[in-house]
Amino acid sequence: MAALLAAAAVRARILQVSSKVKSSPTWYSASSFSSSVPTVKLFIGGKFVESKSDKWIDIHNPATNEVIGRVPQATKAEMDAAIASCKRAFPAWADTSVLSRQQVLLRYQQLIKENLKEIAKLITLEQGKTLADAEGDVFRGLQVVEHACSVTSLMMGETMPSITKDMDLYSYRLPLGVCAGIAPFNFPAMIPLWMFPMAMVCGNTFLMKPSERVPGATMLLAKLLQDSGAPDGTLNIIHGQHEAVNFICDHPDIKAISFVGSNKAGEYIFERGSRHGKRVQANMGAKNHGVVMPDANKENTLNQLVGAAFGAAGQRCMALSTAVLVGEAKKWLPELVEHAKNLRVNAGDQPGADLGPLITPQAKERVCNLIDSGTKEGASILLDGRKIKVKGYENGNFVGPTIISNVKPNMTCYKEEIFGPVLVVLETETLDEAIQIVNNNPYGNGTAIFTTNGATARKYAHLVDVGQVGVNVPIPVPLPMFSFTGSRSSFRGDTNFYGKQGIQFYTQLKTITSQWKEEDATLSSPAVVMPTMGR
């Protein structure tokens with residue numbers, strides 16, 4: 001009876017929705033500090049809560065490095081409260097009709113569309129990417145929400161009647177319980193939207209930890225989810241760094257962890273979370289190669305290389321950071337440089353900007369050091385963006401488009417993921433040599449080949465050991481009816497993000513063997529031998 005009453009309350013809550021987010025954000029508050037810098041709240045039990053923490057992290061505008069907010073490192077008590085809220089909400093949410101959960105997401109995707117530009121503005125302010133790119137960030141996440149609305153078919157089980165006389169076998173998918181997500185700074189909307197909508201539509205409750213550098217988009221997305229009718233406690237949000245990550249990895253009530261970020265963090269979370277008996281999926285670093293054949297459409301290929309290498313200032317796990325020029329295609333290098341020179345570097349909210357700043361001064365320093373390593377190890381810098389100055393934003397973390405040629409696979413700038421607006425260029429004589437270079441690299445997130453020859457494209461797609469391959473498509477991120485299938489050192493776990501695999505990750509199978517005898521008779525004696533069923 002209690003479960004029925006709780007489920008009825010959930011359904012009533014789902015029907016009480018508003019159509020617009022409030023104009024004044026409820027997830028920011030007036031600062032408790034002496035300055036006027038706002039502080040970011042936690043989201044626990046359906047309420048935006050001011051943290052009692054004495055540890056705070058500054059949020060900077062990467063274009064100016066001014067402090068625009070502060071985010072708390074949640075206390076142990078606050079993190080425990082968030083988990084307790086998830087745990088309390090789970091039974092009623094799991095018992096809620098899948099159609100009702102679907103209705104929440106149908107309303108949610110509409111509210112995201114209506115507030116897309118507001119979310120994008122927050123992303124540009126905190127992360128630095130251009131407004132157009134920020135809108136793309138939100139839109140690609142929205143596509144996953146839209147796909148999650150297909151849950152009624154995606155969660156279907158399997159049935160086999162009459163496996164033997166009067167006996168049927170069937171299986172269905174059930175939610176795991178409390179799941180958690182740890183998101184990176186580079187996609188403040190898309191990556192969280194890969195996580196909690198898929199988990200929640202399956203009947204799980206969710207604990208989200210956005211990047212402490214870019215919390216604003218996730219907080220607005222939480223408000224929109226609440227306005228869509230999601231019951232209190234089904235989504236909770238904490239903030240923090242190492243202590244919050246360890247808390248998520250160790251807490252016994254968390255059943256699964258989704259992570260996107262660096263290799264160092266991903267390996268750590270995968271090992272620690274797995275050690276504590278959790279499912280873990282971890283998307284990590286990359287070194288994505290674009291192989292250019294001499295028969296490719298030159299103008300189209302050059303534009304695609306430049307856009308995929310330098311868009312978002314190279315801060316994408318699917319950035320095309322390495323070009324492999326095959327045969328006569330090496331003659332295109334001067335034109336490649338000219339195309340890159342035409343890109344406009346500016347603050348993300350400025351009209352006409354093609355790429356914005358890097359996320360922090362430390363990120364800029366690391367990128368510049370990797371460029372330096374190329375010159376020290378014998379590479380040539382054809383285009384150098386290290387000394388770029390953006391008028392009016394002299395304190396920003398800007399690096400302009402940079403192209404390094406004569407790169408060899410043993411060089412540091414090739415071996416490490418740069419995560420900046422830097423394209424390293426290698427040259428080979430044959431396609432087979434290019435394939436060998438790609439396959440010898442430990443990463444397996446994405447790759448692309450540019451050619452007008454179908455046989456060449458097919459050979460490359462079949463022989464290259466990379467999880468996602470583009471043919472004349474520089475950033476082959478699958479649409480959400482498929483799954484994001486990075487591989488090798490770019491991924492840890494056995495089930496990928498979104499698509500069918502996303503549903504599998506957030507659910508568990510239950511199989512029922514049922515017998516109703518036609519004669520409705522009782523056994524005359526106990527059956528003590530192993531049932532063979534098929535005889």
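In case you wondered, yes, glycine gets a Cβ from its N, Cα and C as well.
As given in Swiss-Prot:
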TRANSIT   1-33  transit peptide
MOD_RES   K47  N6-acetyllysine
MOD_RES   K52  N6-acetyllysine
MOD_RES   K55  N6-succinyllysine
MOD_RES   K76  N6-acetyllysine
MOD_RES   K87  N6-acetyllysine
MOD_RES   K117  N6-acetyllysine
BINDING   A183, F185, K209, E212, R213, S262, E417  NAD(+) binding site
MOD_RES   S262  phosphoserine
ACT_SITE  C317  active site, nucleophile
MOD_RES   K364  N6-acetyllysine
MOD_RES   K364  N6-succinyllysine
MOD_RES   K376  N6-succinyllysine
MOD_RES   K376  N6-acetyllysine
MOD_RES   K517  N6-succinyllysine
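Projection of Swiss-Prot feature records onto the structure.
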{"residue": "K52", "record": "N6-acetyllysine", "contacts (Cβ under 8 Å, 6+ apart)": "T75, A77, E78"}
{"residue": "K76", "record": "N6-acetyllysine", "contacts (Cβ under 8 Å, 6+ apart)": "E243, F247"}
{"residue": "K117", "record": "N6-acetyllysine", "contacts (Cβ under 8 Å, 6+ apart)": "E135"}
{"residue": "A183", "record": "NAD(+) binding site", "contacts (Cβ under 8 Å, 6+ apart)": "I191, P192, M195, M208, K209, P210, S211, T218, V260, G261"}
{"residue": "F185", "record": "NAD(+) binding site", "contacts (Cβ under 8 Å, 6+ apart)": "Q127, S211, R213, V214, Q315, I359"}
{"residue": "S262", "record": "NAD(+) binding site", "contacts (Cβ under 8 Å, 6+ apart)": "P184, M284, G285"}
{"residue": "C317", "record": "active site, nucleophile", "contacts (Cβ under 8 Å, 6+ apart)": "N186, V260, N283, M284, G285, A286, N445, G486, S490"}
{"residue": "K376", "record": "N6-succinyllysine", "contacts (Cβ under 8 Å, 6+ apart)": "none"}
{"residue": "K517", "record": "N6-succinyllysine", "contacts (Cβ under 8 Å, 6+ apart)": "D166"}
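Annotation for E417 (NAD(+) binding site): spatial neighbours N263, G285, A286, K287, S321, Y443, criterion Cβ-Cβ under 8 Å with sequence separation of six or more. Residues A183, F185, K209, E212, R213, S262, E417, recorded as binding NAD(+), reach a greatest CA to CA spacing of 24 Å. Rounded to a whole number, the C-alpha distance linking K364 (N6-acetyllysine) with K87 (N6-acetyllysine) is 41 angstrom. Each of the modified residues K87, K364 was scored by how many other Cβ atoms lie within 10 Å of its Cβ, and the smallest score goes to K87. Cβ neighbours within 10 Å of K209 (NAD(+) binding site), excluding its own Cβ and spanning all shown chains: 27. Shown are the recorded positions K47, R213; of these, the residue with the fewest other Cβ atoms within 10 Å is K47. K52 (N6-acetyllysine) falls outside any helix or strand according to DSSP and counts as coil. If you take the Cα of K47 (N6-acetyllysine) and the Cα of K87 (N6-acetyllysine), they are about 16 angstrom apart, rounded to a whole number. Within 10 Å of the Cβ of E212 (NAD(+) binding site) there are 20 other Cβ atoms, across all protein chains. The two recorded residues, K55 (N6-succinyllysine) and E212 (NAD(+) binding site), have Cα atoms 12 Å apart. The CA atom of E212 (NAD(+) binding site) is located 24 Å away from the CA atom of K87 (N6-acetyllysine). If you draw a 10 Å sphere around the CB of K55 (N6-succinyllysine), it holds 12 other CB atoms from the protein chains shown. According to DSSP, K87 (N6-acetyllysine) is assigned to a helical segment.
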